[in-house]
């Protein structure tokens, strides 16, 4: 019977079943992102701005693989069909994100792969990124229990990339890079779903008696907010439209939302900035994905026999 339960699918987690269905409905593909107008926008941007976004997309492109490694390690601790099915879908979407980031980098570096790799080598040695990665590595090593591992994963999903998405969203405010902005909408929407999944994993699969103290969790989030602020602040000198006050407020509001989602009180009690450029992160613009033109987002199955 144990063998049958392990290999014969039955719905064993309605919450993750629903998230998997939502992922199916929200599927999209790299070919849907048209960067032809974005190429022309490069000449409208300052050198400092272009270099900043090269840096962000190089970081994000490499980070997608890191997330999939973390998922592989996390799933070892859970025997649940619906959890595994959901995370298979999430890993597939992370691969889509990685391909889109490659296409964007290809556009930014004008199809010069050697220049892209050379730039990526420099990014890996960058002090701001090193501090961020060292902090994250220390927290991953520190996480011994299942609860701590899930919390670190939740933190990665919810905080580790969010200030980068915010800065990319500012391109829309500048009136440039429509394809990149659309990709950022799709990806930030996906990452919101991934963050909801990590919260669901913690809330439903980690018994309350096994969870760390609220003080421990809040301390972890406070450190993450400071690390993320320092990461962006180090790279945004001379970059237009970036306000560190707004980014800090956004990060604090995001941390509060994440804490609330795992049944803990808000710590910062901050509100996101009114000018928040992100559509799908639950910060200020409550626009439903399905209220946008469905033809922009949906793939249609033709002659499906």
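Each Cβ is built from the backbone N, Cα and C atoms, and glycine gets one as well.
Its Cβ taken as reference, residue 97 (Fe cation 1 binding site) is surrounded by 21 other Cβ atoms within 10 Å in the chains shown. The feature Fe cation 1 binding site is assigned by Swiss-Prot to 64, 94, 97, with sequence analysis given as support.
All protein chains shown were included, and the count of other CB atoms within 10 Å of the CB of residue 157 (Fe cation 2 binding site) stands at 24. Look at Swiss-Prot and you will find 94, 157, 191, 194 tagged as Fe cation 2 binding site, backed by sequence analysis.
Marked as active site by Swiss-Prot on the basis of sequence analysis: 101. Note: residue 101 (active site) has non-local neighbours 57, 60, 61, 64, i.e. same-chain residues 6+ apart with C-beta under 8 A of its own C-beta.
Residues 52-53, 56, 59-60, 63, 67, 70-71, 74, 136, 139-140, 143, 180-181, 184, 187-188, 191, 194-195, 197-199, 201-202, 205-206, 212, 217, 220-221, 224-225, 228-229, 231-232, 236, 239, 241-242, 247, 250-251, 254-255, 258, 262, 276-279, 281 of the same chain lie 6+ residues outside the transmembrane segment (150-170) yet bring a C-beta within less than 8 angstroms of a C-beta in it. Taken from Swiss-Prot, the feature transmembrane segment covers 150-170.
Annotated pair residue 194 (Fe cation 2 binding site) and residue 97 (Fe cation 1 binding site), C-alpha to C-alpha distance, rounded: 13 Å. Same-chain residues at least 6 positions away in sequence with a Cβ under 8 Å from that of residue 94 (Fe cation 1 binding site) are, in sequence order, 64, 65, 67, 68, 71. A Cα-Cα distance of 14 Å separates residue 157 (Fe cation 2 binding site) from residue 97 (Fe cation 1 binding site). Same-chain residues that are not part of 94, 157, 191, 194 yet have a Cβ within 8 Å of the Cβ center of the Fe cation 2 site turn out to be 67, 90, 93, 161, 190, 193, 195.
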